[in-house]
Number of protein chains: 2
Amino acid sequence: MANLIQPKVLKGFRDFLPETEISRKDIQQTLEETFKSFGMVPIDTPVLEYTDVLLGKGSGETDKQIYRFNDHGKRDVAMRFDLTVPFARFMAAHINELYLPFKRYHISKVWRGENTQRGRYREFTQCDFDIVGVDTPEADFEILSIMHASLKALGVPDIHIHISHRGIFNAFLDHLGISDDLAEILRIVDKLAKIGEDKVLEMLTELADGDKASRILEYISAEGSFDDILGKLENLSGGPTPGSERIRIVRQMMIDCGIEELFVLNPSITRGLDYYTGIVYETFLDALPAIGSVCSGGRYNNLASIYSKTEMPGVGSSIGLDRLMAALDELGTSSSKKSLTDVLIMNMDRSLKGHYFSLATKLREAGLNAEVFLDNKKFKNQFSFAERKAIPFAVICGEDEFKENRVTLKDLNARQNFEMLTIEEAIEKIKEISG
Amino acid sequence: MANLIQPKVLKGFRDFLPETEISRKDIQQTLEETFKSFGMVPIDTPVLEYTDVLLGKGSGETDKQIYRFNDHGKRDVAMRFDLTVPFARFMAAHINELYLPFKRYHISKVWRGENTQRGRYREFTQCDFDIVGVDTPEADFEILSIMHASLKALGVPDIHIHISHRGIFNAFLDHLGISDDLAEILRIVDKLAKIGEDKVLEMLTELADGDKASRILEYISAEGSFDDILGKLENLSGGPTPGSERIRIVRQMMIDCGIEELFVLNPSITRGLDYYTGIVYETFLDALPAIGSVCSGGRYNNLASIYSKTEMPGVGSSIGLDRLMAALDELGTSSSKKSLTDVLIMNMDRSLKGHYFSLATKLREAGLNAEVFLDNKKFKNQFSFAERKAIPFAVICGEDEFKENRVTLKDLNARQNFEMLTIEEAIEKIKEISG
């Protein structure tokens, strides 16, 4: 035999074994059901794209991380590093086949060759949902509602969605007369949670005079009730702005729908990059603040401006599936199923194997997941197989049962036998026990 | 404004618009439900792997088609070109964490830089299901049952699964004394449907003497009932073989389960490559023979032999999702939904928008997919939006309805109005009309 090849995977990449994959698929399905219940439609785009199409909006950091190469036709191509850029390209390409407002979701893998650390992978899954074509408080509110409904449907306990508005912040910097330094100020403010107020103040003082630096700190650390904070921000910005009015309208919709308790006005949320123009938000778990935001996004001015002259204002959000799963694991609220099989039909007498398969068909027709053990190993081995797959029931049919057209049902959890049942009685008993 | 970047996709790659993506997701979900009902579990593997890991079992043809490059760490990496090689690597890597027989499914994209032609893409989706760790007729039969159940669940009309056995063919060539030319003979025989009997005979005659060539043609074009053909093959091979016994046992299980009509013994099926060692099969639609096989596979001796010393006999099959969807489209049996929204709540009076969102929540709680129109455009625009998304119902709530805590329900298909209903009555009416 030739030398064996070591079956290793690349650093930052992962295999998903059934237990994890069942749970990932459950989560994805729950998210899809929620997205669909809000009228969102799915799309898909290629994993590989022309590099210049993908990097049009990329930052320098993204350029370095992208998986890029020349294909067989010497085309410069790259694997997508997020789902936003392909969506922008998609909207520009298909605007004449679509309608506005267009509400799409996209759950798929993306790739970034970044340094791997705890909870960071080079291949990871994003769940994006966006509304394109309207700049209204209704759309802003709907994305927030979907975030809330999604995390509720997943059973994520005790979340708070921290919202803010880039328009108010911009008006505030204008009022201070230092809006030219926006990008640099955003970069510093974004570090607040990491480096603390003193350090932020120190860095801001290098940029603006001490009084203005203090005012920025006052803005981003404003405290009180939602309405109190909003009032303070308006005062610091020299009065109400379109941004603060928008937030007030969105807030009223939260109250009308009785979900206002979940939302915190947090002016330190800026989402770093200068991409966003309106409302921005991040989502934190009360029990695990250190894990960071599990669902973030905001409003942007013009999604597809590098590809199309058609204006497409949008608002959207993205759930990081890997981080969310890590959080659910840590909180012990993740489901964990080894398989989805309800019944194992024991392969007891091999001359009856055709009968075993027809029993399995009957179980499936009754909505149960059933499998026949595919070898004639010892009972011990077959039970051990059932245990490895966490199968709750076994059906046994030996010569005696077969002659009477009966089976024996074993409840493997309760270690209880039900003898000489018809297959219909066995199905009824399984459903009764499973509740 | 800077020059626009053209929003184009690579040749052989595709965007999926909502209508197609909804249908693709429906098909995938139906397949997953079927796979799970047979006790199959899902796994996932990385899109990128070390090239030497992927190409261990690749043929020369695959080498040329693979998307291969050096990553940031100068590693020689490649995108997977099928789901079988990654599965073999997966089994070798995780054998100690798993159990046998292991039954997995994997639905995912793969990439091949091959020439694009009608129905061939460089990015396409495979649906693989395999049973590893047993070499039994039960396992062979189960894969056939899953193929049958999957295509039935998808509503694919009038299919026939053509089966054959490589072991019988090998015994036959042995009996003729020309088994050394196996690979070349397989290559020729595989062309029968394409080039016809005369041409195949001509090519075979270049390889073996005329009598033997005629016998090969006699073998691959044997006709009659399932049992007749099996008898002929046994005669041509010098008597019963383990392969023909295995087929006979599998045939009996088909009869026991009442699905024997769907299976044809077709000795011209060889599946080309010398990978397969036992039963092999392809699936054809009676109405569209030209489209080729929509689901193919077979038994292989040792899945992971290049990575592991542990013997892993297996049997499996793969559905080509893109080809299957093309077939369903051509037959007019594909579903085609523009969205999944049941109800559009018209944005009539903007001061009531909070109320509209709370109505939407009530509809969702009743299991209906509902959305509020996110702008205050003219009714005409809102109805046109409903039409573009093929939404069957609209809910209207103006000042009058709001005061009475009522709504007007519009059945947009029947163009019928139901006035002054409570939201609960509207929900009941929608469910009644939708059936």
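First residue shown is number 1, and so on along the chain.
From the backbone N, Cα and C atoms, a Cβ is placed for every residue, glycine too.
Residues belonging to the domain 'Aminoacyl-transfer RNA synthetases class-II family profile' (B:24-328) score a mean pLDDT of 92 in the model. Feature annotation from TrEMBL assigns domain 'Aminoacyl-transfer RNA synthetases class-II family profile' to B:24-328.
Annotation source TrEMBL lists L-histidine binding site at B:ASP82, B:LEU83, B:THR84, B:ARG112, B:GLN126, B:ASP130, B:ARG271, B:TYR275, B:TYR276. Every protein chain shown contributes to the tally, and the Cβ of B:ASP82 (L-histidine binding site) ends up with 17 other Cβ atoms within 10 Å.
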Fill in: Set of same-chain residues at least 6 away whose C-beta sits under 8 angstroms from B:THR84 (L-histidine binding site)
B:ASP128, B:ASP130, B:GLY316, B:SER318
Fill in: CB within-chain contacts under 8 A for B:GLN126 (L-histidine binding site), separation at least 6
B:ASP82, B:LEU83, B:HIS106, B:ILE107, B:SER108, B:LYS109, B:VAL110, B:SER318, B:ILE319, B:GLY320, B:LEU321
Worksheet entry | Structural state of B:THR84 (L-histidine binding site), classified by DSSP into three states | helix
Practice prompt. Could you tell me which three-state DSSP class B:TYR276 (L-histidine binding site) falls into?
Written response: strand
Worksheet entry | Three-state secondary structure, B:ARG271 (L-histidine binding site) (per DSSP) | coil
Worksheet item: Fewest neighbouring Cβ atoms within 10 Å: which of the binding-site residues B:ARG271, B:TYR276?
Response: B:ARG271
